[in-house]
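Listed in TrEMBL for this protein:
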type: BINDING; residues: His56, His58, His112, Asp133; note: Zn(2+) 1 binding site
type: BINDING; residues: Asp60, His61, Asp133, His171; note: Zn(2+) 2 binding site
type: DOMAIN; residues: 12-171; note: domain 'Metallo-beta-lactamase'
Amino acid sequence: MIQIDALPAFTDNYIWLLQDTANQRCAVVDPGDAAPVLAWLERHPGWQLSDILVTHHHHDHVGGVEQLKAATGARVYGPAQEHIPGRDVALDDNASVRVLGLDFQIIAVPGHTLGHIAYYCDQPETPLLFCGDTLFAAGCGRLFEGTPEQMHHSLERLAALPAKTLVYCTHEYTLSNLRFAKAVEPQNPHIAQRFDDVTQLRAHNRITLPSTLALEKLTNPFLRTTETSVKEKLDERNGTINPTPSTVFAGLRAWKDAF
Ligand code: ZN
Ligand code: FE
């Protein structure tokens, strides 16, 4: 049984901490800063950091990797197509890795960066997805390196995973993402409800993650590009006809960039 907690870092990052309590071993995902992880290890004597999973090369995801590796000897996994400091295992699409007894499948999700990968664990009851800055709660990552078509395809691959999959993304952006979602779909009751729920959580400084794919499909505009209401909203806004879900996605992303 693996317990998963978030270690906050910087202003809005989360470093996911996976804990194998029986063996007192743990792993972290995207440690942009070593300090919160080292502080946790200090509070938990006897625990060993065995693995570090990295989704992409941005500093807020890899900044703590080398210090943690030097301090603990942890093995570092990361995307093969990017420069990842201290990487021991280079991962390509469809690779599989076993971490703390969990089997993860690698899904290449280019868009935010070109080599970005996600880690998916197909556990029967609670499948897990660590998707970095690709799929956010009610949003998606900015396109720093890839094209809208690439990102749209990446999100389609993630959306095809089981609806009950728990989505562990790396930033607390949910509330601002939902403000945008409300602008795209003012009549969507699921978005309205989630906006209220998340407003409450944030008012108490609580985390809004993990999400589920089921909830994302109901409330995340970037997974709703085939909805007539989303397409029509964009057609109306841009004064053009968006012929495909991919062009709807591109229009949404450009709108959100300026929102
Ligand atoms: Zn990033
Ligand atoms: Fe980030």
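Every residue, even glycine, has its Cβ placed from backbone N, Cα and C.
Keep in mind that TrEMBL annotations are predicted by a computer and have not been checked by a curator.
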**Complete:** Residues lining the Zn(2+) 1 site besides His56, His58, His112, Asp133 (CB within 8 A of their CB center) are Thr55, His57, His61, Thr113, His116, Gly132, Thr134, Gly141, Phe144, Thr170
**Request:** Average the per-residue pLDDT over the domain 'Metallo-beta-lactamase' (12-171) and send me the rounded value.
**Result:** 98
**Request:** Consider only the binding-site residues His58, Asp133, His171: which of them have a Cβ under 6 Å from an atom of ligand 1? Write none if no residue does.
**Result:** His58, Asp133
**Complete:** All chains considered, the count of other Cβ atoms within 10 Å of the Cβ of His171 (Zn(2+) 2 binding site) is 19
**Separation of alpha carbons, His56 (Zn(2+) 1 binding site) and His171 (Zn(2+) 2 binding site) (Å)** = 14
**Request:** Report the residues of the chain - excluding Asp60, His61, Asp133, His171 - with C-beta within 8 Å of the mean position of the site's C-beta atoms, for the recorded Zn(2+) 2 site, in sequence order.
**Result:** Asn13, Asp30, Gly32, Thr55, His56, His58, Gly132, Thr170
**Request:** Could you list, ordered by sequence, which of these binding-site residues: His56, His58, Asp60, have a Cβ under 6 Å from ligand 2?
**Result:** His58, Asp60
**Fill in**
One should report the C-alpha separation between His112 (Zn(2+) 1 binding site) and Asp60 (Zn(2+) 2 binding site), rounded to whole angstrom, as 14
**Message:** Taking DSSP as the reference, which of helix, strand or coil describes His112 (Zn(2+) 1 binding site)?
**Reply:** coil
